[in-house]
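Structure in structure tokens, see below.
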Amino acid sequence: MIDFYNEAKKQFNRMMYVRREMHKNPEIDRNLPFTTELVCSQLNELGISYKRFDNSGIIAEIGNDRSKIVALRSDMDALEINDLKETSYKSLRNGYMHACGHDAHTAIQIGAAAVLKSIEDHLNGTVRLIFQPAEETDGGARDMIELGALNGVEAIIGLHMDETISTGTVGIKRGVVHAASNPFKIEIKGKGCHGAHPYDGIDSIYIAAKVIDNLQGIISREVRAVDNAVITIGKISGGTAPNAVSSQVIMEGILRTLGNDLRSFCKERIKDIVESTAKMYRGNASVEFIEGYPSFSNDEMLYCWFKDVTSKMKEIDVIDVPYPSMGVEDFAYYTEVVPGLYYKLGCRNEVKGICNPAHGSYFDIDEDSLILGCLIQSKIAYDFLDKLSAK
């Protein structure tokens, strides 16, 4: 019998090296030259065949039987955030940081690759490794699908570091996992004039303030309390002088919802309220929606099977995540093509002082979690291929 935990522990130094090198050298979007070179060097060292693409994506495979394929996915891109930690692996690139754990995801994928390669002759199929760019921006998952990442794949497994869960614990959500998103842009047009004579103009900033207030009424008065929706205005720009009435305001925000019906309703109401509020104060306004990530759910069969397999791992505790995240994740696009499973890997350690939020300048992970991620990903891939072969 293969001792996957012991095999994962053997890969700790490799995973820590990959994670720290990526953390020191964060790259964003599809511009990942250092990251892809690091990943490819590891795959070369392990003797794993792969294809490298112009968008910085990489697809690798382990196994000799391509009649059954399970995919493991890791994202690789960082964020435009300053790293303010004082560690030996602090970001060397000012204004850029791995503040969401994608460095750890990639390190775990490399560790799992090493474990699976060492038992390649025992695999009842093929494990496909998807190293994806541009999760934090847009389109990375769709890029990889178009490049053939899911061709022949029976299921895909993904994970995400979770700083709210202690190391040694894994969170899994039954049903809907993440919300859908729709970024939007609002343009409000008024009429500029001297600040001493506001009645000569149409104050676009005043209209913007009313719009922001009225939009939140959608959530508090038009959406059921048991449903989930969030409207955020995160950026606003208007005016050119402090003593003049502004003629134009541009606002940008995002709508997050669970369920397509609620998504359509909120989009329609945002448009109605923006236009009618502007008209009420003699202005004009328009809304442009950008198609964001869809919502997604864990496949029911994979969820039950994951719970069964991981419950037998004495090294981890498995908890049910009680509610969906209103954050978004482009893993959703993979699940539109094949059954998918996505879980949260705890990386919080208050004793070590590792408890700062993701997307923050002090974010870090407990690196002991790398071993557990490697254990789960390699064991899950191995067992899933066994499950397919037993059909």
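Placement of Cβ uses the backbone N, Cα and C atoms for every residue, glycine included.
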Given TrEMBL annotates C100, H102, H160, H359 as Mn(2+)-binding, which of E80, E136, E336 belongs to that site as well?
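It is E136, as the record lists it for that site.
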For the domain 'Peptidase M20 dimerisation' (184-279), what does DSSP give as the number of helix, strand and coil residues?
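Helix (H, G, I), strand (E, B), coil: 42 helix, 32 strand, 22 coil.
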Which of H102, H359 (the binding-site residues) has the most other Cβ atoms within 10 Å?
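Its Cβ has the most other Cβ atoms within 10 Å: H102.
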When you measure from the Cβ of E136 (Mn(2+) binding site), how many other Cβ atoms are you left with inside 10 Å?
18
Note the Cβ centroid of C100, H102, E136, H160, H359, the recorded Mn(2+) site, then list each other residue of that chain whose Cβ lies within 8 Å of it, in sequence.
D75, L79, H98, A99, G101, E135, A358
Within 10 Å of the Cβ of H160 (Mn(2+) binding site), how many other Cβ atoms can be counted across all chains shown?
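Neighbour count, Cβ to Cβ under the 10 Å cut-off: 24.
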Within 10 angstroms of the C-beta of C100 (Mn(2+) binding site), what count of other C-beta atoms is obtained when all protein chains are considered?
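Other Cβ atoms within 10 Å of C100 (Mn(2+) binding site): 22.
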